[in-house]
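Enquirer: Can you read through this structure? Questions will come right after.
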């Protein structure tokens, strides 16, 4: 059965799946008829990403409890004591509904309503913010899970592609497109990647919230869209190369975070430098070369390919944004001797002020 026929039976619009939108000029869905030995991507297969994402969330919970948490404790990760917040309905209501950092006028008004000195109200909000900050162990467990996934994803993807001629010679990548059969292993790899990013979107409200939270949302949406569209258009080979290029640096970053949380400073700095080099080379050199040279200049453009190119450009802008943060952090450490700090840190107040407040309460 052709793709439009199959999906129309599922209740989807046949017009949406018109071959002129999804395939290059001259190609139709009839060119991708399956047989006993030859299989092509079927969009309905991507519906498996829903149970796949749920399964990954369950696996993550089990991994963090049984592997990451004991590992963190063994390596000396411990959460610092934080000042306790005295219950106050007036201040809590303002904190939840109107903001975490009240202005001077709001502090005076809240002090009158609570019958407390302004200084006490200000301290209450500082303690309340500290209470919401993610614990060090939580950050270690999250980094451990992502390291495990990205490490597995990158090297399993490399194992799948290293013997493929089109992986090393990208001009071969487009031969006989779209009549390129889908090996089952690549189909499952695609589904795994889509399930993982769907799970990241589902857990965003509960994960460590960093300064680039909005950029992360844009990145996840763009990635999910690219995986879905490239699968439906049978751009599997191109998509595999792009995903592998992205995974090349992700697991190194998560390893650097883990080393930072266990306070292995020198090793952490060395790993971070490796990450910076791999990130910049893969995202600012290799990725544009693959995207703009082979995909744009060597390939017939059609509606979906233009959409893919748009989202690839969005990713490239994000790569430039993050590269600037990385370079800025490297220069601040090397040239100015500034205190080392994650450029995407979730920290909003210094550990020193928190410690001082705790000491006052003892």
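Note: Cβ is positioned from N, Cα and C throughout, glycine not excepted.
So TrEMBL has the following annotated:
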DOMAIN    138-335  domain 'TLC'
TRANSMEM  143-162  transmembrane segment
TRANSMEM  185-206  transmembrane segment
TRANSMEM  218-244  transmembrane segment
TRANSMEM  264-285  transmembrane segment
TRANSMEM  292-314  transmembrane segment
REGION    342-362  region 'Disordered'
COMPBIAS  343-362  compositional bias 'Basic and acidic residues'
Enquirer: For the domain 'TLC' (138-335), what's the model's average pLDDT?
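Expert: Residues in the domain 'TLC' (138-335) carry a mean pLDDT of 87 in this prediction.
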Enquirer: Sort out for me which stretch, of 143-162, 218-244, 264-285, has the most Cβ pairs below 8 angstroms to the transmembrane segment (292-314).
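Expert: By the under-8 Å Cβ criterion, the transmembrane segment (292-314) pairs most with 218-244.
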